[in-house]
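Accompanying notes for the structure given below.
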């Protein structure tokens, strides 16, 4: 492959929907661009706090100011700028965008700022790759040949079950379960649509910051977002103001004792020579170090097969099988030690005359934990297959048996722990199942039977499973094999039950809870030299440089997150947990529980690294602030950013004409309401104005992010806010969202199912994209952007706009229904679509007006709850359906639509869609309704009083019409199958509708019985009520009573259920429906409405008030 025939940028989306006829889309897009330009030019989305001239500084409290001038501030987790934004970014952004639009319509000053994250090693690592590829292939990669193509490498995934079941862990990495071809970086840049001749410029990491943030801004503007771009910025020292802000933040945390220095385990890349935190990983995001106790099991006698392969030096040396365990308290019950006969193990030098027998992976981890003599060095002195060591005798520290044998276990993995597993069959279901299997088949496993038959002694008593937890669980769950899938559940249950409820029944701590004893026994083993601390990443972690990471025990700066059990700051932890449980709106219980689980397992977090882009740690200029630590409280920076600079990089001065060096820590403290006085060269007026901005916009009302960030960023965000400010400024709401599927499948460039934000707008236009994003879903479940929805929306918006224009600009007005009928006759029903009447409102007018009021109220409730899929349904799909029904009914009735009702519909439709489809709404507002000012400043409509009678009437009409058409359809199917029918559906027919004037007497009796039961108990107990039902009435009475119970249980009021008078005149409604039925039912030439008495026999016998019966019959 020649260099100039690199990846086609279009291939990433080659399997997405293709749009052919674009005339309607282009018409809509033309208006979208027009209004986007107008909004920017008129500074529509640039809100400010009330100035100190409007409200003198210090004259009212910040809380009172916010009450007097209601506000809303919402943000997303700023995107990382190593490429262009995609549809997933747009989905998250849309949540804040819709909320901001709705807040404006509530009369609030609504702020949606947006910055760009560039901190971390990803950009630097990619830039370094470009630099190497330029050296290798030339400035324009002209020396590249297909033979240079890299091998195909599967992206690593985490498939193992979590190790410590008392801790929560994410099960999904960003690249999980996706095979990608390892391409050169210049090819990846080509796939983004960048010209080949420009790619060499990206060897400078800071050049990325010049390209992608501006590209992100341009693409977001295409979507027509309500972003205040005055407050935008890039992170890192590329912006000296933001750099100063980060350094201030870190200084404050250190002063408060939240940042500490010491040795701790962290995920580490030996290749990069630094900690590898979540944002520095190509896979394994969310994986943390798992700490074990490494049990040293000294070899007493090697198996014969091992002796033959070992050198004479090793045969007599001190060699320890090291078993990694999470349960040191159970070591009393060791009966053997397991290895995998299929794994090749190494013998590694630990110290002079001492060696360990472990997997290669474990040895690599140990090398970075001060377990071996030289940091980072592994000295492998021997190698043995697991099969070679079966039968070896080793010491088992604390075990009642003293010495045990090495035995085979086929499920041992080299990727978990040390590859050596000590066996405690009393408390481990895995071990019990394996040792039982070994004892049954000693010849098959090539062992002696007695090796697997050491006594199983009780170690821990649990109230639920007694003294032998493992044996009890294996028998209860009917586990018959070490490979039984149920073992994973049994293991988790045994661990949790033992840890949380277990009591020791052996040893010096007999009678004490396991939770108290666990760490005491661990330390005893370490102090005696029988164990050491060992850690490893709890899954495979790959750095962006392609290095498999280890767990290293490092001297480092870390933020003291975590519960006291995890070594964290107890008071800080309890404050955050309290806010999550009692102050923070997470919009779902599931999200709240995820925060609680994260707080339960989260521990100290390394906040510095040596490689990448960022701000230098103020007190250690050799390291940079880590990317998840410089991005916790930048939302406060938005509040005053426009005073500092007027461009992304802080080159152009802002409103305050302030120099970066003037932003001292004391000034930051003052601006952010952490001190009340400051000496500064900045004018007092400017300082007070900046502080006013912060005190007004804070606290942050809404934070939106993908749910995967709960486990790090969103929780850090809470921690640091709570550390630096009082409760008044703590975040008020976090709304996590699910990931975005595209057309029901995961987005993937490799499969051609990928869509950038810009491509989506180019393909469908801004409003159709926005509506499809709203329709994609809400909540934590994965949402689905359907291109067919976006495409269909283009036509729907275009036709609706065209209809609104026609009804407004081409209206032919008549004075009454009679004039409409006269005109209809003159025109023979042709060209009547734009004819509108005036005068008194009729039945169908009132019904439609009431339904609009109901939908306005329903839409408001959905917007209040940030349920945008529901909002677009009620505000758009249901609203237009209601309009269509109104048009059909008034046409059928021969009265036509009412001009006032039509104008009300058009205005309400524009207002309801403003948060989600603002361009379309703006066009209708200004061009159709001829309003003087932008709809962006309009208020959300107040719902007119809803008439319960009209609401019940509409439901009655909908149900009755559906029943009639369903019956007609059933007859049609019977005829198609050749079955006998009562009438010919294809011939002229008449319909008689029977309505009952009162309820059957038997229902009155049982209604009263149900009422008495409800008033006595507050609920209806059907079993109790059934005792008062006559046997002859049982079949009809019980369904009737159960329906009453269902209605009450669903929330209907007592009055609605027990007061059985209809809210409307049923005969009148049916007579109004007659023309509609004749129009809807094919070849229906007549509709008659007939009253029947309750309990009457024959035709109409089944009718009850509110549920008519009907019959069709053919007529000549």
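Glycine is treated like the rest: Cβ placed from N, Cα and C.
As annotated in TrEMBL, region 'Disordered' covers the listed stretch 1-24 rather than the other ranges in 1-24, 25-48. For the domain 'Aminoacyl-tRNA synthetase class Ia' (66-130), the model's pLDDT averages out at 95. According to DSSP, the domain 'Methionyl/Valyl/Leucyl/Isoleucyl-tRNA synthetase anticodon-binding' (845-965) comprises 93 helix, 2 strand, 26 coil. Note: the domain 'Aminoacyl-tRNA synthetase class Ia' (66-130) comprises 31 helix, 14 strand, 20 coil (DSSP; helix = H, G, I, strand = E, B). With helix defined as DSSP H, G or I and strand as E or B, the domain 'Leucine--tRNA ligase RagD-binding' (996-1050) counts 41 helix, 1 strand, 13 coil.
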